[in-house]
Amino acid sequence: MKKNSSNTMALAPNTSNKRETVCIFGTGDFGRALGHKMIQSGYPVVFGSRSTQTSPLIPKDAEVLSHAEAAQKAAIIIIAIQRQHYNFLTPLAEILHGKVLVDVSNNLKINQYPESNAEYLAQLVPGAKVVKAFNTVSAWALQSGTLDASRQVFVCGDDMEAKQMVMDIVRALGLTPLDQGSLLAAQEIENYPLQLFPMWKFPIFLSLGLTAFFFFYSLTRDVIYPYVYEKEDFSFFIAISIPNRICPVLALILLALVYLPGVFAAIIQLYRGTKYRRFPDWLDKWMLCRKQLGLVALAFASLHVLYTLVIPIRSFVRWRTSNQIVSQALNNVTESLNITNAWLSDSYLALGILGFFLFVLLGITSLPSVSNNVNWREFRFVQSKLGYLTLILCTAHTLVYGGNRFLSPSSYRWYLPNTYMLSLIIPCIVLVVKFVLILPCLDKPLTRIRQGWERNPQYSE
């Protein structure tokens, strides 16, 4: 009874300036890094280890004791040991009764075990209060102090008081705790560090698929076709010309795909007459990765700019320019300036410059450090209003570039249209449908629906 009473008292909130002693089981990389960080934050730290011999790797202000002795000195014990070594905790069940055990472990693959490591720990030591935390912070980040990328710490547990104590430690270390609820959330928290760019998979695979398609499409039109019919070798187009066709095409298509799910969502809401029904799973996932789609589109647009800048120094371009000059000199003919072509050329360049400027602005405002400093209305204005303006400018840039070549038979080699013609399909669909949706007859009911009005109130039940 006396032992349990002391444990209960230890769990009481600390109102003094002196911080409570924290025990860390495990002297590996993460345990040492976390211990060093906690000592810097004013926490007395005691390590529990199989070997009590001192080591130069252990923080000098920390004490190293056996597991049993270390556990008796602290109410909060951080288990910095892999799951397969948890069995040593079973003989310590009486000592650990009533104490807070913080599980920081991760697995080698997603859903490696039927239950989470934290739930398994709770089964081994049923009298302890298990909390999951710190598994999303790396030892390297703790040691180097570069915690900007991993400042958030997910915390979950069944005991509110124990969870609050762990969250206080997280704050004291300069990190941001995020309460994820009960211990049932531990499985998801443990899977989080194992996910490799979860929101980037669809944008990357889509862009790779489109890149492969347009590469072979352009290869067929611009290299194979001239070789078959004109016996000309334009294989060097693979280095600059074809990539400079693919990059703007993908940039425009991916940018349109950023705004296409919003159009679908508006149509679905108008059809259903309510905003309280979930969108289809495919649309939900599509909308969640719109930021990543936009950033990939910006990357392709930036490559297009770089490829365009090197065009004047290309050997093929210099040869063609000098050949035209020599031809005019030999024929004693001077071509007069075509004002129409000059206007078209300057217009599509100006539209491209303005579109790329707004494109970069969209990318900058999507950064957390920037988006956190603007309110929702400002963010929505940039990402929605300026985003559609960017799509309009980039689409107009492509349309003006095409000019009258849309009607030229030479633009259809083997009946295949030019790549920029294909790139206009999705953007034009998005802009046309968006224009229809902003008509008052549709915009007003859509606004009412998004404000909570329902055509059939039964869906809100």
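Heads up, the Cβ atoms here are built off N, Cα and C, so glycines get one too.
Not measured: the values here are computed from a predicted model.
These come from TrEMBL:
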DOMAIN    21-107  domain 'Pyrroline-5-carboxylate reductase catalytic N-terminal'
DOMAIN    249-394  domain 'Ferric oxidoreductase'
TRANSMEM  202-219  transmembrane segment
TRANSMEM  249-271  transmembrane segment
TRANSMEM  292-313  transmembrane segment
TRANSMEM  347-365  transmembrane segment
TRANSMEM  386-407  transmembrane segment
TRANSMEM  419-442  transmembrane segment
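Nonlocal intrachain contacts for the transmembrane segment (386-407), taken as residues 6+ away from its ends with a CB within less than 8 angstroms of a stretch CB, comprise 248, 251-252, 255-256, 258-259, 301, 344, 347-348, 351-352, 354-355, 358-359, 361-362, 418, 420-421, 423-424, 427-428, 430-431, 434. Long-range contacts of the transmembrane segment (292-313) within the same chain, counting only residues at least 6 positions beyond its ends with a Cβ under 8 Å from a Cβ of the stretch, are 199-200, 202-204, 206-207, 240, 243-244, 246-248, 250-255, 257-258, 356, 359-360, 362-363, 366, 394. Sequence-distant contacts of the transmembrane segment (202-219) (same chain, at least 6 residues past either end, Cβ-Cβ under 8 Å): 238, 242, 245-246, 249-250, 253-254, 257, 285-286, 289, 292-293, 295-296, 300, 416, 419, 422.
Tertiary neighbourhood of the transmembrane segment (249-271): same-chain residues 203, 206-207, 210-211, 214, 279, 283, 286-287, 290, 293-294, 296-298, 300-301, 304, 359, 387-388, 390-391, 394-395, 398, 419-420, 422-424, 426-427, 429-430, 433-434, 437, 442, 445-446, 449-450, selected by CB-CB distance under 8 Å and a gap of 6+ residues from either end. Residue counts for the domain 'Ferric oxidoreductase' (249-394) under DSSP, split into helix (H, G, I), strand (E, B) and coil, are 121 helix, 0 strand, 25 coil. A Cβ distance under 8 Å defines the sequence-distant neighbours of the transmembrane segment (347-365), meaning residues of its chain 6+ beyond its ends; these are 251, 255, 294-295, 297-298, 301, 305, 371, 374, 379, 382-383, 386-387, 389-390, 393-394, 396-397, 400-401. Secondary structure by DSSP for the domain 'Pyrroline-5-carboxylate reductase catalytic N-terminal' (21-107): 32 helix, 19 strand, 36 coil.
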